[in-house]
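Undergrad: After the structure tokens below, expect a handful of questions from me.
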Amino acid sequence: MVAADMNISMRAGSFNYLEKHPERKISIFQNSYIVAITLTAGIGGLLFGYDTGVISGALLYIKEDFEQVKNSYFLQELIVAMALVGAIFGATISGYINDVLGRKMAIVVADFCFAVGSLIMAIAPNPYVIIIGRFLVGLGVGAASVTAPVYIAEVSPSEIRGGLVGFNALMITGGQFLSFVINYALTKVPGTWRWMLGVAGSPAVVQLVFMIFLPESPRWLYFKNKKEAAANVLSKIYPSPRLEDEIEILEFHLEKEQKNKVKVNYSDVFKLKEIRVAFICGAGLQAFQQFTGISIVMYYSPIIIQLAGFKSNDAALFLSLIVSGLNAGDTILGIYLIDASGRKKLTLGSLSGVAIALTILSVACFIIGHGNASQVYAWLAIVGLALYIIFFAPGMGPVPWAVNSEIYPEEYRGICGGMSATVNWICSVIMSISFLSVVDAIGLGGSFMILLGVTVVAIVFVIIYMPETKGLTFEEVSNIWKEKAYGKDKNDISLVEKTNT
């Protein structure tokens, strides 16, 4: 049994392997091939971020062009939320595309949806056509949200996987920042909102072209018995002798899969205890990412700023631009911290800071809502909003996506990744389609107080359910869930059985 454990623990990329062979470690900028793949795949994150950010500014001008939108909170919420509804379908469908057709094809499909949806919104004659375009763009957002982190994770050495997947989160926040820059730059341009919404088609076309020259995920290729193609990709990522060790571990797990003849169904996620436990963690993190309020802040920050006392569109967009800039800047910090401090510590620190920020926001907005028009409280609300982003961006921004890209076994990674992303988008729909109505009913201060309560629950969830996956291989992470599901003795037997088969 001990020999079996040692055999597993010394496999390529594992903590013990890299401790024994430190010269085989790979740094982020050591391999230009990995950087090129990450940058290109990250364009999906850029599009994802741009879409979530751009609507907050565009909505201010859509209301000016269409009286029915101005007079209806429901239409405003529907325009925002329809992209999220599309994302639910996109995330679900992309799980199937990822597993059957590959990560590369899923990204191509996402780009097509982005490009077509952006064009439709740019030429929309009425708000209902905007809604159709938002749905198509949402399909692309959902597919990109699942595929980009998985694709990056599967081409990344274990020692830098967290940082590279975190780069995708940086691209998301960078896209959000870019959207606010473009929103502010276009405030005086005729057809303002059409340009804002139409611009997203350009990066999609660029990524579509670049994807022609990028490889398929080597893990996906190997598990589809395209071993020569997989080895060719791996040879550009790993030098010898680590290359041979990485191929050996892929062969080991391919043989295990073929002997077990695992046929993956959606129902298995809930039937198999170790998969169910992993999914609860992954889906829970995705849910709390939304229920702690990030969609509200990104979709409605100009409106929140106006409700806090800054009434002009220009002022609201400028202050939103600053908040979005903080979001992008702090995500860079998160890329370092996610591998340096670990996923769990980073998440707990992030949520604790979010709780402080929401307390400030709640108090300031509650006082403003009760008739105090002092600019002191308006600026206090802005400070709370900024602190919210400063604490949220390095942790709760990238961690749920990074964790979901690494906690599921190979055969369940596409399905579980798609399902957990779907949970994220469903929660985002709930938040975005209800926020203005809730504010109208209980006020802005009361709304942020609810988010504060959810944040406290999220902290408890992370303490109980989330393991630390820093620096672990996919296989070592899989063993954590087996131990959580069946206990250590059961896990040891499983490891012996794997070695003997």
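Cβ from N, Cα, C; glycine included.
So TrEMBL lists the following for this protein:
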DOMAIN    37-470  domain 'Major facilitator superfamily (MFS) profile'
TRANSMEM  33-62  transmembrane segment
TRANSMEM  74-93  transmembrane segment
TRANSMEM  105-124  transmembrane segment
TRANSMEM  130-152  transmembrane segment
TRANSMEM  164-186  transmembrane segment
TRANSMEM  192-214  transmembrane segment
TRANSMEM  315-338  transmembrane segment
TRANSMEM  350-370  transmembrane segment
TRANSMEM  376-403  transmembrane segment
TRANSMEM  415-436  transmembrane segment
TRANSMEM  442-465  transmembrane segment
Undergrad: Counting Cβ pairs under 8 Å that sit 6 or more residues apart, are there three or more between the transmembrane segment (315-338) and the transmembrane segment (442-465)?
TA: no
Undergrad: Taking the transmembrane segment (350-370) as the first stretch and the transmembrane segment (192-214) as the second, find out whether 3 or more Cβ pairs fall under 8 Å, excluding pairs closer than 6 in sequence.
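TA: Result for the transmembrane segment (350-370) with the transmembrane segment (192-214) is no.
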Undergrad: For the transmembrane segment (105-124), could you work out the same-chain residues 6 or more beyond its ends whose Cβ comes under 8 Å from its Cβ atoms?
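TA: Beyond its ends, the transmembrane segment (105-124) has Cβ neighbours at 41, 44, 47, 51, 86, 90, 94, 97-98, 130, 132-141, 143-144, 146-148, 151, 194-195, 197-201, 203-205, 207-208, 211.
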Undergrad: Excluding the flanking five residues on each side, which residues at least 6 beyond the ends of the transmembrane segment (415-436) place their CB within less than 8 Å of a CB in that stretch?
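TA: Counting only partners 6 or more residues beyond its ends, the transmembrane segment (415-436) has Cβ contacts under 8 Å with 73, 76-78, 80-81, 84-85, 87-88, 91-96, 98-99, 142, 145-146, 149-150, 264, 266, 269, 275, 278-279, 282-283, 285-287, 289-291, 293, 295-296, 299-300, 303, 400, 404-405, 408, 447.
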Undergrad: Pairs 6 or more apart in sequence, C-beta under 8 angstroms, 3 or more of them: is that satisfied by the transmembrane segment (192-214) and the transmembrane segment (74-93)?
TA: no
Undergrad: Could you name the stretch, out of 33-62, 130-152, 164-186, with the greatest number of CB pairs under 8 A to the transmembrane segment (74-93)?
TA: 130-152
Undergrad: For the domain 'Major facilitator superfamily (MFS) profile' (37-470), what's the model's average pLDDT?
TA: 87
